[in-house]
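Each remark here refers to the structure printed beneath this line.
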Amino acid sequence: MNKVINNVFAREILDSRGYPTIEVEIELCDGAIGRASVPSGASTGKLEVLELRDQDEKRYCGKGVLKAVQAVNGIIADEIIGMNAADQNAIDKALIELDGTKNKSKLGANATLGVSLAVAKAAANSFKMPLYRYLGGKQTSVMPVPLINIINGGVHADNKLDFQEFMILPVGAETFSEAIRISAEVFHNLRSILKKKGYSTNVGDEGGFAPNIESTEEALDLIIYVIESAGYSAQSDFALGLDVASSTFYEDGIYKFEHRDLTSEELTEYYCNLVERYPIISIEDAMSEDDYEGWKLLTAKLGSKIQLVGDDLFVTNCELICKGIEEKMANAVLIKPNQIGTLTETFAAIEMAKSNGYKAVVSHRSGETEDTTISHIAVASNCGQIKTGSLSRSDRLAKYNELIRIESALGKDAKYYRGLAWVL
């Protein structure tokens, strides 16, 4: 009886870009409280569930979320007060049925996710368990490799780079804490080198630097130099990752990339060339979400060599993941809880990926909050990878710091993920 939901309350707060988002608090009959806030993306997939905004230009440039807040404080509260917070499946099923639409357009996925996450946190607190243990059980022990965004481009930055993210993966570290330490050293070395070269050291939405670099190769060469001049190897200590976000420069079947018009075949050959020349082990959204043939070609060419992550292609949706598996598109799935709208559906997407030999990468969004739930999801699911921005901006560091705490709590049971060895 103590796990029964007694009170539900939502409010409007601000995300890392200064735009409104929703925060939800759930209180149980035993006094346990769970609080969760919801992120927002800039580069979004067409088939993501709906983020409900007010569209009132007189408030927050139309981006207010009072409608979502009202949905939580009204119709959702009426439905779930009195329910058992420990039955996450039942809570999420009630939210899905209450919304009644395929894309959660009635209540908004920001409303449903805020409630779903807050309920899980309240239940975990009631059981006096850390969230990762409550969600993952006793077998939870794998600390994820972070995919750390150190150079921003695309829609995340105001520069000439078409690719959205250039990432370092500290695959050679022994522990998560060591992974963060060596990555921070590389990050600060990059800042110093950019400053010496006369580049801006301002950071983008996700905390990476956004210098006015001319080309992809120039960015990759710079990162290799920065890693090695920091005293590390770009072969054994670190590997590289890219988030291309190719849908942003895909038009009428052509990729308009660096002043060139490329077909899917030509872009695939370009990636093959990059992989030969640089220690790249992960490429996200290498093809547009609409370019299925391009995805199939790319997967056939590079799928046995590196990790090919589908974000816009899959949008954390089991139906789309299943289709991708059947048609041999990509070999990994990016997991963003706000793309699907409930915790249960998020874990279902992770399980579908893993059970079919695909890897799962838990991810933040470009508009974040100080909420650290994704850190717990990454550990609870044993998925082994997390993408949560750079080593600046407190909204990104909150996730890394929480993972350091989790590793400390796990003690000798903590195991740093080694599942990327197949691509080294």
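Including glycine, each Cβ sits where the backbone N, Cα and C put it.
Model, not experiment: these values are computed from the prediction.
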Report the candidate from Asp237, Asp243, Asp252, Asp371 that shares the Mg(2+) site with Glu284, Asp311, as recorded in Swiss-Prot.
-> Asp243
Additional site residue, Gln164, Gln235 [criterion: listed by Swiss-Prot with Lys336, Arg365, Ser366, Lys387 for (2R)-2-phosphoglycerate] | Gln164
When you measure from the Cβ of Glu206 (active site, proton donor), how many other Cβ atoms are you left with inside 10 Å?
-> 30
Gln164 ((2R)-2-phosphoglycerate binding site) to Asp243 (Mg(2+) binding site): how many Å between their Cα atoms?
-> 6
Filter the recorded positions Glu206, Lys336, Arg365, Ser366, Lys387 down to those whose C-alpha lies within 10 angstroms of the C-alpha of Asp311 (Mg(2+) binding site); answer none if the list is empty.
-> Lys336
List only the single closest residue to Arg365 ((2R)-2-phosphoglycerate binding site), chosen from the recorded positions Glu206, Asp243, Glu284 by CA-CA distance.
-> Glu206
Which one is closest to Glu284 (Mg(2+) binding site) in space, judged by CA to CA distance, out of the recorded positions Glu206, Ser366, Lys387?
-> Lys387
Would you count the other CB atoms within 10 A of the CB of Glu284 (Mg(2+) binding site), including those on all shown protein chains?
-> 28
Around the Cβ of Arg365 ((2R)-2-phosphoglycerate binding site), other Cβ atoms within 10 Å, all chains included, total 26
